[in-house]
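S.K.: Per Swiss-Prot, region 'Disordered' is recorded for 1-20. The ATP binding site annotation in Swiss-Prot covers GLY79, PRO80, GLU81, SER82, SER83, GLY84, LYS85, THR86.
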Amino acid sequence: MPAEMKSAASGSDPRSSGERDKALNLVLGQIERNFGKGSIMRLGDASRMRVETISTGALTLDLALGGGYPKGRVVEIYGPESSGKTTLTLHAIAEVQKRGGVAAFVDAEHALDPVYAASLGVDVENLLVSQPDTGEMALEIVDQLVRSAAVDIVVIDSVAALTPRAEIEGEMGDLAVGSQARLMSQAMRKITGNIGKSGCTVIFLNQLRLKIGVTYGNPETTTGGNALKFYASVRLDIRRIQTLKKGTEEFGIRAKVKVAKNKVAPPFRIAEFDILFGRGISTLGCLLDLAEETGVVIRKGAWYSYEGDNIGQGRDNTITWMEENPEAAITIEQLVRQKLTEGSEVKANSMKPLAAAARTAAAAAPKATADEAAA
């Protein structure tokens, strides 16, 4: 059998390996000349193999997400009213600003409270804020901010408030079926590529609606059509599960977040944390929950103990002790991260889904977090 027929029968290319490499390098060079450097590359040549993240401000949620909000991706946070959606994004903005980053808030609902934002650690003096008149204006502003590659995080509050220009200019009662969905679909096609290139994290807040005529299954859906669901790398479903009280006085809520979609880490994890009125996410509360689950802090009855010494009776008193002893809290955080890196089992129902993602999350989280806190 001739050599050519043998090659064809075996399915191999008759050209030598050197010729194939030369042809490949030639076409790669041609593509880069036509479309710019970085338009095509080997995955192993990429400068960042692991997706960088932004802390959410809640250690339990960071673990559930595999480190935090991914950079250069679209994130959607949805849930009922007063469930903590805006609080989550303000904490993310504060974390970005702590590291010298630039943040923008597109306030389509015209409801941003600068006093509350400042109480959560947001540098309101340097926060970029836009209150657009139309949905088109809002999304065009987002696109220009992303294209600049000078902004680290952009928050849009909310998709439901992105009203198309035609609807605003029309009369009350005029039908505009599907106009917002078309607007979002066009915008996502346009800005998603730029988001990836710039490394900017774009977070959309969204509201819930009920589908009519659903007898079986979940009747809830989000506004703005299906485009955002597809383009988002992370989707978070946040719910208020408990109201926190001291006597008859309400001072916060217990929130539960389900990772409904995650393209950069295992999905369907669940995290719980406290949101205190006027103060935001209780970071020490998150730390205490994980410290108890990993065995760093032991609870017997109502008493919590650390290294054999009782540190507080009841959860609130223990958190107060941690506030008064910041060095001990830093040490506890270091021990918790070490335990999670080693793959410690997490026993409580609220934390079970985090155990399997612990190693991934600890590896993706910034290694200097505890050291920076100590400094």
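Backbone N, Cα and C define each Cβ position, glycine as well.
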S.K.: Within 8 Å of the centroid of the Cβ atoms of GLY79, PRO80, GLU81, SER82, SER83, GLY84, LYS85, THR86, which other residues of that chain place their own Cβ, given that this set defines the recorded ATP site?
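M.R.: Those within range, site residues removed, are ILE238, ARG240.
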S.K.: Helix, strand or coil for LYS85 (ATP binding site)? Use DSSP.
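M.R.: In the DSSP reduction, LYS85 (ATP binding site) maps to helix.
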